Amino acid sequence: MSTVQTVLGTITPNLLGRTLTHEHVALDFEHFYRPPPPDFESELKAKISMSTLGYVRLYPYSSKENVRFYDGEALEAAKKDVLLYKKHGGGSIVENSSYGLKRNLEFIVELAKSTGVHFIAGTGHYIHAMQDASHASLTVEQMSDLYSKDIITGLQVNGKVVKCGFIGEVASVYPIHDFEKNAIKAAGEIQEVLGCGVSMHPHRVTKAPFEIMRLYLEAGGRADKCVMSHLDRTIFDIDELLEFAKLGCYIQYDLFGTECSFYQLNTSVDMISDGQRIDNLIKLIKEGLVDKLLMSHDIHTKHRLTSYGGHGYHHIHTNILPRMFDRGVTLEQVEQMTVTNPAKWLAFDP
């Protein structure tokens, strides 16, 4: 029987329910801090409040408080929003914080126990620039050993063993750094052996997802167990996205709720809106790809939590799905994207 490995133990895939496949409940995103525009420096250095929130929404990576998604206030706000997610029909959350993002397994376990939401934790490596000295020079073999131990043996958290349930997010820049190539290859090798799910984070250029999949597939990884994240900010042309879809991995639109007039992490492109995300998913559904689609928010800054004026983890359930139904998407198709596909991806399938 197939199983899914949560932080509290294994369950059968049918128990997951509605699942967000790419979220964070605690991480350190200070690496991506950007100096504020001189005109708004004082507002963005101030504590987040109603009088400064508008500036933070425009320049989210220019507020140090906003990218410190790990302090006590952030954890309290994240827990509140996980409870709201549960209230509005959420069943599971896939926590994508990997090595380099300062994953907080203790907090993830506490959330799983206190909220009743299933949490699946990831192993793997984020970009090379965010690794400490103990990880920055790891070989493919060392990474493979680490990932397999995190999944099979588990890690000690307050005297108890907690096991990771997938590899991800495995992140890379472009051109892909040699360290990141090693991480992608290690993910492919371990996926082939264990049958686990894998989640990739591409850089913000169209070529990146294609190159990642080439490295992953050459290492032995299965396409049908791999998620390509952040495609709603990476491949904007639908025809090119359809070409990428031929590789057979999951197509993930995971920035729902991110609507901004200025995308700080790639100023050469305009971030699409939730309405455009819905329209693109409908186009992909019409192309017969509903069994390859996933949806999430990738919450990683405070201003996206409701305590800070944001939308929270329940945004897709309460605001997006009703709009999709209004535009002709069926309940069966929504269940496929939010329940069936996540369960198939997360189920261990050697």
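Just so you know, glycine gets a Cβ as well, placed from its N, Cα and C.
Same-site candidate for divalent metal cation 2 binding, as annotated by Swiss-Prot with E169, H230, chosen from H128, H135, H201: H201. Among the candidates D291, D298, D326, the residue that Swiss-Prot names alongside H22, H24, E169 for the divalent metal cation 1 site is D298. Other than the site residues E169, H201, H230, same-chain residues with C-beta atoms no more than 8 angstroms from the centre of those residues' C-beta atoms, the divalent metal cation 2 site, are H22, N96, G168, V170, A171, S199, M200, P202, S229, D254, D298.
Taking the mean position of the Cβ atoms of H22, H24, E169, D298 as the divalent metal cation 1 site, the remaining residues of that chain whose Cβ falls within 8 Å of it are E23, N96, S97, S199, H201, S229, D254, S296, I299, H300. E169 (divalent metal cation 1 binding site) sits 6 Å from H201 (divalent metal cation 2 binding site), taking the C-alpha atoms as the reference points.
All protein chains shown were included, and the count of other CB atoms within 10 Å of the CB of E169 (divalent metal cation 1 binding site) stands at 27.
Distance noted between the C-alpha atoms of D298 (divalent metal cation 1 binding site) and H201 (divalent metal cation 2 binding site) is 11 Å. In this structure, the binding-site residues under consideration are H201, H230, and the one with the smallest number of other Cβ atoms within 10 Å of its Cβ is H230.
The sparsest Cβ neighbourhood within 10 Å, among the listed binding-site residues (H22, H24), is found at H24.
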